[in-house]
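Worksheet: one structure, shown below.
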Amino acid sequence: MPSGRFVALIQWRKIWANFINLFVISVAKISEAASEGTIGVFIDRRNTLHLLLLNWLSVIPQLQPFGLRTSKLFKEDVSSRAVIVAGNTNTTQASTATTQENVLEWVKQDKRRMLHVVYRVGDMDRTIKFYTECLGMKLMRKRDIPEERYTNAFLGYGPEDSHFVIELTYNYGVDKYDIGSGFGHFGIAVEDVAKTVDLIKAKGGKVTREPGPVKGGNTVIAFIEDPDGYKFELLERGPTPEPLCQVMLRVGDLDRAIEFYEKAYGMELLRKRDNPEYKYTIAMLGYGPEDKNAVMELTYNYGVTEYDKGNAYAQIAIGTDDVYKTAEAVKLSGGKVTREPGPLPGINTKITACLDPDGWKTVFVDNIDFLKELE
């Protein structure tokens, strides 16, 4: 008959084998869940480790009467455990790399569109009057939030579900803002720049650059300012589906900004032009051709790495199919998430907010939730 010590050893081997088997299975499940982004992976891992611990502890009292030291038995399986742990580490690293690659690849396929640009004004009625009478915009909607002491107005050249528009914010009692030196201008495509400038002058508007060809090109442009001092570039073009066509911001490192907007925001570099004579470089990025879509114009002035952003310009809003994956892509690309993804209180629209490497803010809005807001 086998001795008690021998029986205990057999029991130990069986339990240890079950322990290893359960460990390997749990690692595989955890890796699979992690690669799919399953939130429950943390709960599963906790329960699995708890079960492993119970199996381990249950055998120790059974071994003591036979003089078996768990440390001795443990040493016998050190090499096999090392192989498993090493394999687990490699699997986890590979899974993490795959997940990151999948997220950044998903960004390229995401259905994104520039929705609106948000900035603050000191007199809402005055600004609405200027935009509608001088720039030909339409007031889409206006909402007053007295409990939070602000008013919003949306203006543009077409419905919000298909056009890039302006969202104005008026905060009760604040009649002036600092635009700063980082914000550049908004771009508006018009069929006749000279005619538009004449109208603006007749309405008492301020023209800062008379109509004429752009430096180093043939496109006729002009610059004007609205009542709050925001600059608008008028670009002479034929009929276009997106008249509100540009937002220009200044950046301290153009190559860094381009890489971020491509990876994190999924934009395409449409063109890049260096102007050494005037010591600046521009890059146009967006989600489609410039003549049919609103784009970002990023400007780098030679030797300038930082700008004063003031407190007037707020942010760009971009539509996305998944704010959670978007936030992850921003983090992986070196951006800063300032609002974790999730629904807004009260309206349940899912958003996430972030800063690019230069500190410019962008808010991503769930596409379906955005359309529900417009109903």
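From the backbone N, Cα and C atoms, a Cβ is placed for every residue, glycine too.
According to DSSP, GLU233 (active site, proton donor/acceptor) sits within a strand segment. The feature active site, proton donor/acceptor is assigned by TrEMBL to GLU233.
All protein chains included, GLU167 (Zn(2+) binding site) registers 20 other Cβ atoms within 10 Å of its own Cβ. Classification of GLU167 (Zn(2+) binding site) by DSSP places it within a strand. Look at TrEMBL and you will find GLU167, HIS185, GLU233 tagged as Zn(2+) binding site.
The domain 'VOC' annotation in TrEMBL covers 113-237 (among others).
Break the domain 'VOC' (243-367) down by DSSP state and the numbers are 21 helix, 57 strand, 47 coil. According to TrEMBL, the feature domain 'VOC' maps to 243-367 (among others).
Residues annotated as signal peptide in TrEMBL: 1-17.
When secondary structure is read from DSSP and collapsed to three states, HIS185 (Zn(2+) binding site) falls in the strand class. Over all protein chains present, the Cβ of HIS185 (Zn(2+) binding site) has 19 other Cβ atoms lying within 10 Å.
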